[in-house]
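These notes are about the structure you will find just below.
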Amino acid sequence: MSKRLLGLVFVYCLAIALALLVYATGSLQAPSEIKRLGVFYVEETFFGNMTAMSPEAVTAIVWDYRGLDTVYETAVFFLAVVAGLAVFRVSKTPPLKRGVGLTEISRTSTKIVAALIVVVSASIALHGHLTPGGGFQGGSTLAIAPLLVIPIFSYYALLARRLTPGLLVTLRGLALTAIGLVAILPVFKGLEVVTNIRFYPAYILGQLVSGSLFLYNSSEYIAVASGFAAVFLYLSFEEEFYEEERGEDRE
């Protein structure tokens, strides 16, 4: 047995021994009371017009109580996608042709699964102010649909339906613009940036939308899904296409 493997086994056994020792002595126990900050968030998410009017505390925290922080995180994610797309250094797409794809069984099952993914992702995003979930989770789920279609049908199936990287990047830009507008519109009424219930209605047609939370989740849903889908498309293009567009000669 090599020294490296022996070292790994020793570290593993030591970690287990320490974990058992801590458990046996009761050094680490779950707290019996909620911290004051946690109590505040739990009690002030859905009570009165000065709260987030959302029964989902996490969404209330990330989009309302810490709204600016989440907007900055979204901007960072957008810049990361832009940087990733800039690596490919092309703006065109390969010429359309008929992709071969996989078997009929694979294609049929993928159609069913892709439709279910769209429905589930929309539910996760649009109900993010009511139940655990939100725009980022829903957008990440929706991005799985094109990720399934590309290997099963080939990326030509998406390009033939005009779902190009350029369109996806445009949709992402529009969605992020919508997030920014939702955040700054209250300023024109003399309110603070990222104001929620004091500017946006908590109910629309009798349905709870929790003010700006629904708008944030909807826009984030589109932004995340389109950003990931654009990256997936660029990654699926053949290397020969990139070399031809860049004017590089293959040796």
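Count begins at 1; order follows the chain as displayed.
Glycine is no exception: its Cβ is also placed from the backbone N, Cα and C atoms.
Heads up, TrEMBL stuff is auto-annotated, nobody curated it.
Taken from TrEMBL, the feature domain 'Na+/H+ antiporter MnhB subunit-related protein' applies to 105-228. When the domain 'Na+/H+ antiporter MnhB subunit-related protein' (105-228) is classified with DSSP, helix, strand and coil residues number 87 helix, 4 strand, 33 coil.
Per TrEMBL, transmembrane segment is recorded for 71-91 (among others). With a threshold of 8 Å between CB atoms, the same-chain residues lying at least 6 positions outside the transmembrane segment (71-91) that come near it are 165-166, 169, 172, 176, 179-180, 183, 194, 220, 223-224, 227-228, 230-231, 234, 237, 241-242, 245-246.
Annotation source TrEMBL lists transmembrane segment at 112-130 (among others).
Marked as transmembrane segment by TrEMBL: 142-159 (among others).
TrEMBL lists 166-188 (among others) with the feature transmembrane segment.
The transmembrane segment annotation in TrEMBL covers 200-216 (among others).
Of the two recorded stretches, the transmembrane segment (142-159) does not lie close to the transmembrane segment (166-188), with fewer than three CB pairs under 8 Å once pairs fewer than 6 apart in sequence are set aside.
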